[in-house]
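Structure record follows, encoded as structure tokens.
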Amino acid sequence: MERPPRNPQRISRRVLGNWEKLVARAVRTDLGRASYNRDGRGPGSNSGQRDELAPQSLAQQANIDAVLQAADEIGRENGQVARILAEHAYRLTQQLDPNSEGRGVLQFKTGLKSLIKQKQFVDRHGAVDRSQDLRILLDYYTWYREANEIESLEEAAQVRRLGASTDLMPDSRSQDQSFEKLRRIYEISSILNDVVEALLKEAEPEDASRFQDTDERRVMESDAAKVKGFKSYNILPLETPETSDTPAVINPFEHFSEVVGATRILRYTTDLPRFPSDAVLPADRVLDVFDFLHYAFGFQKDNVANQREHLILLLASAQSRLGTVDQSREGDTDKMADRAIHDVHERILQNYVRWCHFLRREPQSKRAFTQQRRLCLTALYLLVWGEAANLRFMPECLCYIFHHLADECFDLLERPHVERSTTVKPNADGSIEYSFLEQIITPVYDIVAAEAKFSHGGQAPHSRWRNYDDFNEYFWQPACFLELRWPWNLNAGFFKPPREKRSKKEAFLPKTPNPDPERDPLVAPLRTEPKLKRRVGKVHFVEHRTGFHLYHSFHRLWIFLICMLQGLAIWGFCSKNGNLNLHVRTIKRIMSVGPTFVVMKLIQSLFDVVFMWGAFKSTRLQTVARMLLRLIWFACLSAAILFLYVKTLQEDSRNDGSGSWFRIYYILVSSYAGANLVFVFLLRMPWLQRQAAKCSNVYFFQFVKWLHQERYYVGRSMYERTRNYAKYSIFWVFILACKFAFAMHFQIMPLVEPTRLIIGFDNIKYKWPDYVSDSNHNALTVLSLWAPVVMIYFLDTQIWYTVVSALLGGIEGARDKLGEIRTLEMLRKRFPNYPRVFVKHMQAPVNRFSSDPPLQPGESIQNKAWADKREAIRFRPVWNKVIESLREEDLINNREKLLLEMPPNSPSFPNGAPNTLISWPLFLLANKVHIAVELAAQHKPTSQDTLWEKLRRDEYMASAVQESFYTLEDLLVCVLHPQGRSWVSAIFDNIKEALGEGNFTTLFRMNALKDVLEKLRDLTEQLGNDEYVLERQTKAILAFHKLYDIVMRDFLTDPLRARFEEWPFHQEALREGRLFEELIWPDEDKQKLAIRLNNLLTVQKIKDQEGKSKTLNTETIPHNLEARRRLQFFTNSLFMHMPRAPPIRKMFSFSVFTPYYSEDVMYDMDKLNAENEDGITILFYLQKIYPDEWYNFLERIGLIENIVLQKVGQPKPDESDLKVKLQLRLWASYRGQTLARTVRGMMYYKEALILQGMQEGTSGVDLEEGFPPTLVDTQGSARSAAAQAELKFTYVVTCQIYGEQKRQGQVQAADILYLMRKYDSLRVAYIDVVESGRKGKKPSYYSKLCKVDKSDPTQKDQEVYSIKLPGDIKLGEGKPENQNHAIIFTRGDCLQTIDMNQDNFMEEAFKMRNLLEEFNQPHGLHRPTILGVREHVFTGSVSSLAWFMSMQESSFVTLGQRVLARPLKVRMHYGHPDVFDRVFHITRGGISKSSRGINLSEDIFAGFNTTLRLGNVTHHEYIQVGKGRDVGLNQIALFEAKVASGNGEQTLSRDVYRLGQLLDFPRMLSFFHTSVGFYVTTMLTVLTLYVFLYGKAYLALSGVDASLKINADILQNASLQAALNTQFLFQIGIFTAVPMIVNLILEQGILKAIISFCTMQLQLASVFFTFSLGTRTHYFGRTILHGGAKYRSTGRGFVVTHIKYAENYRLFSRSHFTKALEVIMLLIVYLAYGAQNRTSVTFILLTFSSWFLALSWLFAPYIFNPSGFEWQKTVEDFDDWTKWLFYKGGVGVKTEYSWEAWWMEEQEHIRTLRGRFWEVVLSLRFFLFQYGVVYSLSVTRGSSSILVYVYSWLVLLGLVIIFKVFTVSQKASTNFQLAVRLFQGLLFTCLLAGLIVAIVLSPLTVGDVFAVALALVPTGWGLLSIAIALRPLMEQLQIWKSVREIARVYDACMALIIFIPIAFLSWFPFVSTFQTRLVFNQAFSRGLEISLILSGNRPNRTA
């Protein structure tokens, strides 16, 4: 029944008024910003507040927010002007969206109306006279200028700009404030001017003319135009007026000659076409080539601005490395600029030129014969790349676009006037802003997006849709020019979108109408052509999901291993009595590897054809022809060789002696093998390959090479230098020799004789019907013996590689001087050498002048003392900066900072004498003077030299004594007047004279030195303090008198004292009291000198925990372990091999790049104080984990803990409370894996560059040109150094959803804004999604870059660039897409990729220059393109798991990658923090790949791509970056699952295939075993265990085991007995721990390494690594079989909370628990039915590793679970698990709440028919249990009839029926529930009674009952697995619910089996205590209070 329409209700005026007031108040609240928010952030940072007020659809088109903010600001002074501005904002809103269709527009208009009403000025008659609005605005502006004194502000701005240019900045702070105020005035002027212009357009003509020409109007327009000088910029303020007459932002680079020169190079010259008169040209800067390209091709304005700055910086960097313009000799300027242009031009277009040569096209760059044309081409490529969006993943597609645009560009350059390209189509308004995007980029993007949508998020088979690589490889064939043409031929098959297959039901439905091409991007390519050609699919490669890709990609490896196995086995079986021979018959048989080889090559050729299925219609005819020719060739060759070999065998069996067939066979095989060897050497050996390349134009060589190897665009000439080839070839020759020798002697030979015997046995009795082995020489028995050995043969290459590479890596690490400084003792001992090696490696080279102190006359520069002094002066600023950073990070306290800092080293004494003495840090010299005085007091007054020799044994003691002596003289002379000064000088002169004559110990009493020292301590204590000067001076004078008495009375001997007493001047001053009457109080520098001297003379004390004072042991400084580690690594790295650092100006410029999505930026107070279930907060946790750092933090902020907690808990905090709260948030955030930590670490680069620049004196001169730099730390030099740092370093964080976070007021947005305010060099890139105001129109996407300008008083993020995108960027994997959109905003020659779980250190930032110089170092045949960097895992210090993971990671990122880089040359990019050659990679597809699913492990594909494109990846360990890792077992498992799944997808990828095919054989071996091969062998290790156990189960159940044992006992054959027990060889996996051991020895020393390794084993590290083995195996195998790889978020949080039992079961049930129970079942079968002695050592060795693996997989999640054995937790876990298990759930229920939802999710990966088939096949193994056990039952009485097996199935069927009876649902039996219960009870009674009767009266035994259960449980699981695989069939048969209930019972039983031991152990409290110690032992060893954390912070917790 239709409901009648509802009449609209009238809203009362009061309600409407209240609503308008509410909205207006909300608008005003948004406009107003508090100084700080509740968490201590700056203005506008409140979570929940938005920076934008206008709706998103309006904000992108008009700056309404700025108008409203100006209205709010002016409203405090003039309400009429505010009302006018608000009306103007409403007018703009109405113009942009008159129908209020946009989201939030209607509400915004309502609020604006209310705001306007409240701001209206109502006169007495109640009306508003809007005719006076113009006059009101002009009058107000006149008053506004006078009130703000704009003329004086402009004068101050000119002074500021002049001061910046001359490095003279008087009162910089006040100047900055004036500048900020002037900027805001101009912004207000611009807004008011816009309003006036709008009003003038609406005014009457006479009114408009009356106001148009007034002085006020002209002044307003002039002021409004000046705001352009304050336009937001990224690095270079290119829009800044060049004259100083107009106030504008300061250009710090206006005196940087390289920047000025690069800017001028780009200027538009007169020989280029002239712009038409109607062209809109920039008025604030000079025209350049970018303006020409913008006009001609319709690029976006911000893209042009972005790439203009990009190219200028590239040119400036190139030119600065060549030399600066203003320092070059006359005539060299143009040559130098041309060289810089040529360098940048060649690097950017290198890939394009290579692509043209590959397609045999003439590159357009050959037409660029002038400097200007080369610049045009370079700029054009950058503009195409900058606007290409997702097409940047397709570098050859960009080459195609650029090729045609460059052709048009040259044509346009030949014309007299600038014209537009044929591809440009103006918009309706005549603009061309988005023409290039819409006409060129969008069509390709649309088809890529259509394919991405068709993939269903990567779930569709890869073979059915085109990914980025497929689209890109289409441009590898010349046909692309014919098909696509230019402009795009949208009718080409390339642009045809995929079509979904219609189901049978849909086939009968009417077709849907054609969609609107304007709204549906999938049909956008169709909008210009009515009919498309046949769709182009994949071209060169198809990713079919199959494990045979492993053979297809690495067939050479498998052919080699199989042929060698065959040859070794034949050789072994041809032996007699164990003696090997090489008789003719043996050689003939060994030559059977020939047929094997060619057959496997035939299989490879067949795979070539099969795996190209789906691409034959799209690929080139040449490719198909090559595959068919190879297939025919190998088919014929295989047939011929097989035929000949069969004839040879027949001939050999006849023994006719002719051997004619063998000779023919031998000639054919030898010829083929020889030809293969020739090709191998020609195509693989580097030198021969280069020679063969010279004959590449010969058609015969071209044909042979093409036939042998497919010609791809990538992967050509992928060889290394001959020297490198020899190194890694020798490496693999050694490994393979060891492998084959081991295989021959320990695997094959022990099985030869037993195999012969078993084949010959005919008395083996089988318990069951055997239809295979009984009549075939016991074939299955032989197979069960050989299968594990063969699998070990295939996997042990990985083990040999691991061992040998670990040893080689250790040797290489020792050669690199790693681990030379690994203790504080070593650090202290070698400290005097640090300045020397620092200057050698990290100081820029200097020719004739230096920053050294002035030399004294007569001194030589070769003087070692002077050299050491100069080096110490250079080293001091860097060392102190490192110590300062340690203090800022709270790793050391104030006292440790004082002890570690290096004091100033003056080049001369106050009297002008040279000072070569070096002042070392106090931690080296503390207490040394005191010890020296003690030695002197004990010394017999015999020889001064003997005493000095004692002191010199300790270098630092001698230095402390010397420094104290000279410093004391300097200090005393400076503070005394002439009377006292003369006495002091006389004392010191006598001491020096005595020292020179060698009689110091005789002229002075040594036993008095202690008293003298005490008085000097008192004196220096007073002189070092400036508080209460008069009181201090009195005390100092008194101290002088006491010192005088001690010296004269006790220290001087009688003759020397008498000499002083005879001095009349001295006696007179003493009598009159003028000796120390008044002091010259020391200035600040001398006070520091006094403090330093006091510290040297004072015995350093420290209070213990009881408050008692004791001597401080400075040899343990610093106490913090992380501070120690960092200082040790830094000092050790100074001695390592590294390139010398260039001057800052000549270094490579670089960017740091961090992707971010929605992780924690900073911890807010809510998160820090949020309690978990145990009452633990993150703040409490951090306080206990880092207690020393917490106390250092409190000391730094000057508060105690209670005060801090009180301040952060204030409900109404003041400014000081908010600052403390902010400091606390930062302290906590810097200890987690947060973005704030990463940003702080990366910004160390800028601080380091500034300090290094100040040291070098970056004032515009080149250090090598002979101009002396300066070390003066003036403000001017600091500003210049900061500008130089800005030029060389950029940091971009790509926060993909920052715009959305801002709009939603999320806390992450506020924290990101705070980081931008704190670090002015930080740039944030994000995607802004702008909703359209029109209904049905899709949103627009913009890639934006923002920053915070410190000169902006609002401190808001300013939009620098906004580049429109063709659509949503997320077509593939999220992270690489996020990186790709923002990479256009990076700058420089190099790019360091940093993840947001990483950190950096100040001391490492100083070495960045050295690292970047590696790009200029020889590292092989190819120039380095990726520099690998060492990582330090900083999360390994809390729990045992974190420590294990840290050790595992450290061994890979150090030792492992060291060997991969050299000598193996196969290091790839394994993530962060590698440094990329940025220009190389942005022109070759970027720094990662993004195709959904196949590129899940996106980072490593950058390494693959680099290697295939002839790059070079190196590894360097003198610099390190911090890295966080997952610390909980669940997190680690998820991470391992992601990596394993990613490797599973890699096996299908074209990159792995091409590397496996195109690398030479040794490098291919290295690549395989260090990439997917590691996971293959890991999976083989587990499969070997299964094969071994199933083989043993077969032998035991079939009765063969017993028969063989009897035969062995009868024959007394030791080899047969040994053969049955040799399979324990697969336990040699223990050798995989060798890399960790070697790495520990190298970096910690042998003793510590042994202790650490033993500790790890005691903490069950083997359990953890065994568990990880299962994780990798499960997910790798499942991905290959079914796919379904996906990103798995691990959280990266702190893990100390207890994980519930159900959660662990959900995560590990299928990956570990079911497999472990299967292993246990096999072991039980072998234990129950095997014939071996169960108590023998052999049996224990045979089964120990299997039991260990099974128990590890079952209980590791609970052993490493905090509070895993606490009784209360166990009870709670059981309740939670039962609720989860029996929760019925429903639609949309999450897996953590319902077993049914989880069970259904676990089956999602089984989707394809192939996957279902293999699941069924693999499930058949479970039927072996039933088949074997039933024949061993007593009830069968030894029968081997097949009926026994049939009866067992009937029993199983009966059990299923009984199960159905007992599990009948209550819903189905509602009407007769009582009868059902009675029937169930009666049935149960009958069954129990029948079982008892059967046991008593029949042969059935109790053991048979358990045996039946042992047999039927696996069978049931197998049937269940098959039913799940055949789910559609089960649903059709309507038995799916029964399957689900049976699965529930199985899961319940499995969970109980695991839970019962846990519950039992939880009864005993000591188990929980032991487990806590086990899991957190590392924390206990550092004295941490984990027990407090685990027990909770709640005082009275109840159960």
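Residue numbers in this text run from 1 along the chain shown.
Cβ atoms here come from the backbone N, Cα and C positions, even for glycine.
What TrEMBL lists as domain '1,3-beta-glucan synthase component FKS1-like' is 372-489. Residues of the domain '1,3-beta-glucan synthase component FKS1-like' (372-489) grouped by DSSP class, helix first, strand second and coil last, total 77 helix, 1 strand, 40 coil.
Taken from TrEMBL, the feature region 'Disordered' covers 33-55 (among others).
The region 'Disordered' annotation in TrEMBL covers 501-523 (among others).
If you look at the transmembrane segment (554-573), the same-chain residues 6 or more away from its ends with a CB under 8 A from one of its CBs are 580, 582, 586, 589-590, 592-593, 596-597, 600-601, 603-604, 607, 740, 743-744, 748-749, 752, 755-756, 790, 793-794, 797, 1556, 1561, 1564-1565, 1568, 1573. The feature transmembrane segment is assigned by TrEMBL to 554-573 (among others).
Annotated transmembrane segment per TrEMBL: 665-683 (among others), in sequence order.
Under the heading transmembrane segment, TrEMBL lists 725-748 (among others). Beyond the transmembrane segment (725-748), the same-chain residues lying 6 or more positions past its ends with a Cβ under 8 Å from any Cβ of the stretch are 564-565, 568-569, 571-572, 685-686, 719, 789, 792-793, 796-797, 800-801, 804, 808, 1462-1465, 1560, 1562-1563, 1565-1566, 1622, 1625.
Per TrEMBL, the feature transmembrane segment maps to 1572-1591 (among others). Beyond the transmembrane segment (1572-1591), the same-chain residues lying 6 or more positions past its ends with a Cβ under 8 Å from any Cβ of the stretch are 550, 554, 783-785, 787-788, 791-792, 794-795, 797-798, 1540, 1543-1544, 1546-1547, 1552, 1623, 1626, 1629, 1669-1670, 1672-1673, 1676-1677, 1715, 1719, 1722-1723, 1726, 1745-1746, 1749, 1821, 1824.
The transmembrane segment annotation in TrEMBL covers 1624-1642 (among others).
Taken from TrEMBL, the feature transmembrane segment covers 1713-1731 (among others).
The transmembrane segment annotation in TrEMBL covers 1737-1760 (among others).
Panel annotation: around the transmembrane segment (1813-1830), residues 767-768, 1590, 1593-1594, 1596-1598, 1681, 1718, 1721, 1725, 1729, 1806, 1836, 1844-1845, 1847-1848, 1852, 1907-1908, 1910-1915, 1917-1918, 1921-1922, 1924-1926 of the same chain, lying at least six beyond its termini, place a Cβ under 8 Å from a Cβ of the stretch. Here TrEMBL flags 1813-1830 (among others) as transmembrane segment.
Sequence-distant contacts of the transmembrane segment (1842-1862), counting only residues of its own chain at least 6 positions beyond either end whose CB sits under 8 Å from a CB of the stretch, comprise 768-769, 1826-1827, 1830-1831, 1836, 1879-1880, 1883-1884, 1887, 1908, 1911-1912, 1915-1916, 1938, 1942, 1945. Residues annotated as transmembrane segment in TrEMBL: 1842-1862 (among others).
Per TrEMBL, transmembrane segment is recorded for 1874-1899 (among others).
TrEMBL lists 1905-1925 (among others) with the feature transmembrane segment.
Residues annotated as transmembrane segment in TrEMBL: 1945-1966 (among others).
Within the same chain, the transmembrane segment (1713-1731) stays apart from the transmembrane segment (665-683): fewer than three Cβ pairs sit under 8 Å, each pair at least 6 residues apart. Remote same-chain residues near the transmembrane segment (665-683) are listed as 591, 594, 598, 637, 640-641, 644-645, 647-648, 689, 692, 704-705, 708-709, 1561 (criterion: CB distance under 8 Å, separation of at least six residues from the stretch ends). Among residues of the same chain six or more beyond the transmembrane segment (1905-1925), those with a C-beta under 8 A of the stretch's C-beta atoms are 1714, 1718, 1721, 1724-1725, 1728, 1803, 1806, 1811-1812, 1815-1816, 1818-1826, 1828-1830, 1832-1833, 1848, 1851-1852, 1855, 1891, 1895, 1935, 1939, 1942-1943, 1946.
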